[in-house]
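*Asks:* This structure is in structure tokens; I'll ask about it shortly.
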Amino acid sequence: MGSWALLWPPLLFTGLLVRPPGTMAQAQYCSVNKDIFEVEENTNVTEPLVDIHVPEGQEVTLGALSTPFAFRIQGNQLFLNVTPDYEEKSLLEAQLLCQSGGTLVTQLRVFVSVLDVNDNAPEFPFKTKEIRVEEDTKVNSTVIPETQLQAEDRDKDDILFYTLQEMTAGASDYFSLVSVNRPALRLDRPLDFYERPNMTFWLLVRDTPGENVEPSHTATATLVLNVVPADLRPPWFLPCTFSDGYVCIQAQYHGAVPTGHILPSPLVLRPGPIYAEDGDRGINQPIIYSIFRGNVNGTFIIHPDSGNLTVARSVPSPMTFLLLVKGQQADLARYSVTQVTVEAVAAAGSPPRFPQRLYRGTVARGAGAGVVVKDAAAPSQPLRIQAQDPEFSDLNSAITYRITNHSHFRMEGEVVLTTTTLAQAGAFYAEVEAHNTVTSGTATTVIEIQVSEQEPPSTDVPPSPEAGGTTGPWTSTTSEVPRPPEPSQGPSTTSSGGGTGPHPPSGTTLRPPTSSTPGGPPGAENSTSHQPATPGGDTAQTPKPGTSQPMPPGVGTSTSHQPATPSGGTAQTPEPGTSQPMPPSMGTSTSHQPATPGGGTAQTPEAGTSQPMPPGMGTSTSHQPTTPGGGTAQTPEPGTSQPMPLSKSTPSSGGGPSEDKRFSVVDMAALGGVLGALLLLALLGLAVLVHKHYGPRLKCCCGKAPEPQPQGFDNQAFLPDHKANWAPVPSPTHDPKPAEAPMPAEPAPPGPASPGGAPEPPAAARAGGSPTAVRSILTKERRPEGGYKAVWFGEDIGTEADVVVLNAPTLDVDGASDSGSGDEGEGAGRGGGPYDAPGGDDSYI
């Protein structure tokens, strides 16, 4: 027993050593059956991850190394406390501490690996990116690097795919991406600022290769590319004779200057002033002008900014200047050169000329000083007086204007202004002098200014003349419908005018146009001119016979209505031969001349006198009322000439008949209906005449084709065969087309007659020789239509025998004609009469 006691401890120790390790752990340490787990992100795990074996007397807790708030221990089980997110934490760790009585016995670690899931969309670092691209950027160069266009995806394992979509049509031809996974922007073709100054793209990124893959996320951004123009083109002198936007064939300028004069203004060149602009309009650098060759003696100066070419010194003799003008950009990068040809021409020094001899203006009554006189033809526009140099248009700017004989008005440039308040209505005449400060030439013209009660109305109803006034308000009306029977070549203008109008104060010299007629000058269209009485015994002479009255050319007639002259006055009408030129007009001009009270004498121009009259555009009618008080009113005599003021508008009587208006639409429609009916009747009459004269021919053409006419030797001088009375053969001298053919030695058979040839008269055949010498010859020849022709010559036919040629076909003897042709030699020559075979195709002599 003692030996067993000695062996017991070693056996017990050996048994303890050979026991399984797990049995010892279960008895003394904490344990788990699995310490590594895999969980997809965004998965809510509610089941316990692992069960913890805790020995009796021990407790388990989470250590400090555990992922905060990720786990919890409930009982002896480990739970996942959060929804895992791969982008936030891809690996979760739980530290398990087993303690017994505050003493750490076992330490365990459990790991949770979070699996990545494609749950995030890619994002661009920008919404819109705007890039400036130089126009001269080389092709295949990278415009925007990859790093500036990459998108970011929180799913770190995702591969992004990029697509460039155009928003500007055709923009994809210029730019593209380097590859589908590399979003660098590359230039594919040269840029053109003028064709496409800017382009817009839509950049799209996707985190899957295809659109149908689930899940798939996309993102977009906008790219704006602004093309910056490059300095590629030099300045262009305009206008280009040819330009396609890239190349300009520059203009060359031409001008002329008078010798011995210095022009006060820049030269007027053709095709326009010197002007250049930057060929790169996007850059549009300012242009600096200079003359670097051809400026002999410094004759010309060019403005460096505007390019205006002026004369610095006069040219003594005619010559030609060839100036080379350079236009250079302000940044001195590029320049261009053109040629300016200036010819110095000897000037005759002609005075300036006015395009009109009479200008008409209007201004409201009561207008103060400094009011602009309006144009009577266009009341909304100021009246402009412009003279022109007949030789050099460059000298027009050197012309100054002034009013020489009136203190109520003044010139300011080309515009007429009032100098005082116009309190009285009427017509004023002022003379304007144009003075060329270079050539010292002068010219004058006349302005007729109507002072009316109010601004010229735009309606066509003229206001009634004011009571007691000598001149009613002047109005201008325009009608588009011509009023028959007065001829009109344009819109009819009616203006009311009156007498002489108010007189200027003392010291003012009025110089109206030379006219013995105080009434307003006729206008451009239908016009009426009232000539008031001449009180106080004054004498108004009208043209006498034989006088010549120069009047501007007009279209229409001149009618003069001259009432009786009471109080013993005489009224003389124009005598034959009187030439009374009227103002050029396209309508009718009527001149009313009131009576001449106070015993005055109103004489019409005598023969040979000249009375200028205002130009009209149509017919002029002059109404001359009675001249009371014993005055004498003489009408123009033949040959007189009455010059009157030139005008283009027609003053009409204010208070004329209201029926002198345009026709209404109903009137024109009625006139059109009448004209249409007349046209229809004319067409019907024409149809009847055509049917009467050409009806048989039309029936013949529409019916059976006519029988072919025989073509023989017809003598039109003889009567047809159906006539009973035979006429002798006419003499060759009476034949309209005599054809004398010499008689051959022996008669030859006649050839085929041409369709259009005229047969020889038989008289000419007899003149060739004696009929007794003629032998009988029978000839036949094939005609084109298949018939035969037979000719017989008689030997014993006397000279007194009549020769008759028959070739008059008839419709009822065709058979006889055929039989006559077949019976060729049986007495047809002498015994057969002309009636044997009428209408046959044979000629019997």
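Glycine is no exception: its Cβ is also placed from the backbone N, Cα and C atoms.
Keep in mind that this is a model prediction, so the values were computed, not measured.
This is the feature table in Swiss-Prot:
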type     : residues : note
CARBOHYD : Asn44    : N-linked glycosylation site
CARBOHYD : Asn81    : N-linked glycosylation site
CARBOHYD : Asn140   : N-linked glycosylation site
CARBOHYD : Asn198   : N-linked glycosylation site
CARBOHYD : Asn297   : N-linked glycosylation site
CARBOHYD : Asn308   : N-linked glycosylation site
CARBOHYD : Asn405   : N-linked glycosylation site
CARBOHYD : Asn526   : N-linked glycosylation site
MOD_RES  : Ser770   : phosphoserine
MOD_RES  : Ser817   : phosphoserine
MOD_RES  : Ser819   : phosphoserine
MOD_RES  : Ser821   : phosphoserine
REGION   : 452-661  : region 'Disordered'
REGION   : 540-645  : region '4 X 31 AA approximate tandem repeats'
REGION   : 724-789  : region 'Disordered'
REGION   : 811-845  : region 'Disordered'
REPEAT   : 571-601  : repeat '2'
REPEAT   : 632-645  : repeat '4'
*Asks:* Check the Cα distances from Asn198 (N-linked glycosylation site) to each of the glycosylation sites Asn44, Asn81, Asn140, Asn297, Asn308, Asn405 and keep only the ones within 10 Å.
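*Replies:* So far as Cα distances go, none of the glycosylation sites lies within 10 Å of Asn198 (N-linked glycosylation site).
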*Asks:* What is the Cβ neighbour count of Asn140 (N-linked glycosylation site) at a 10 Å cut-off, with all protein chains included?
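*Replies:* Other Cβ atoms found within 10 Å: 9.
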*Asks:* Neighbour count, 10 Å Cβ-Cβ cut-off, for Asn405 (N-linked glycosylation site): what number do you get?
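*Replies:* That number is 18.
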*Asks:* Sort the glycosylation sites Asn81, Asn140, Asn308 by C-alpha distance from Asn44 (N-linked glycosylation site) and give me just the closest.
*Replies:* Asn81
*Asks:* Quick one: of Asn81, Asn198, Asn297, Asn308, which of the glycosylation sites has the smallest count of other CB atoms within 10 A?
*Replies:* Asn297
*Asks:* Tell me which of the glycosylation sites Asn81, Asn297, Asn308, Asn405 ends up closest to Asn140 (N-linked glycosylation site) in space, Cα to Cα.
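*Replies:* Smallest Cα separation from Asn140 (N-linked glycosylation site) among Asn81, Asn297, Asn308, Asn405: Asn308.
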*Asks:* How many Å separate the Cα atoms of Asn81 (N-linked glycosylation site) and Asn405 (N-linked glycosylation site)?
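*Replies:* Asn81 (N-linked glycosylation site) and Asn405 (N-linked glycosylation site) have their Cα atoms 114 Å apart.
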*Asks:* For Asn44 (N-linked glycosylation site), what is the secondary structure by DSSP, using just helix, strand and coil?
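*Replies:* It is coil.
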*Asks:* In angstrom units, rounded to an integer, how far apart are the Cα atoms of Asn308 (N-linked glycosylation site) and Asn297 (N-linked glycosylation site)?
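*Replies:* Just about 19 Å between their Cα atoms.
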*Asks:* Which number gives the other C-beta atoms within 10 angstroms of the C-beta of Asn44 (N-linked glycosylation site), all protein chains shown included?
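*Replies:* The answer is 9.
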*Asks:* Please report the Cα separation of Asn297 (N-linked glycosylation site) and Asn405 (N-linked glycosylation site) in Å, rounded to an integer.
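*Replies:* Approximately 45 Å lies between the Cα of Asn297 (N-linked glycosylation site) and that of Asn405 (N-linked glycosylation site).
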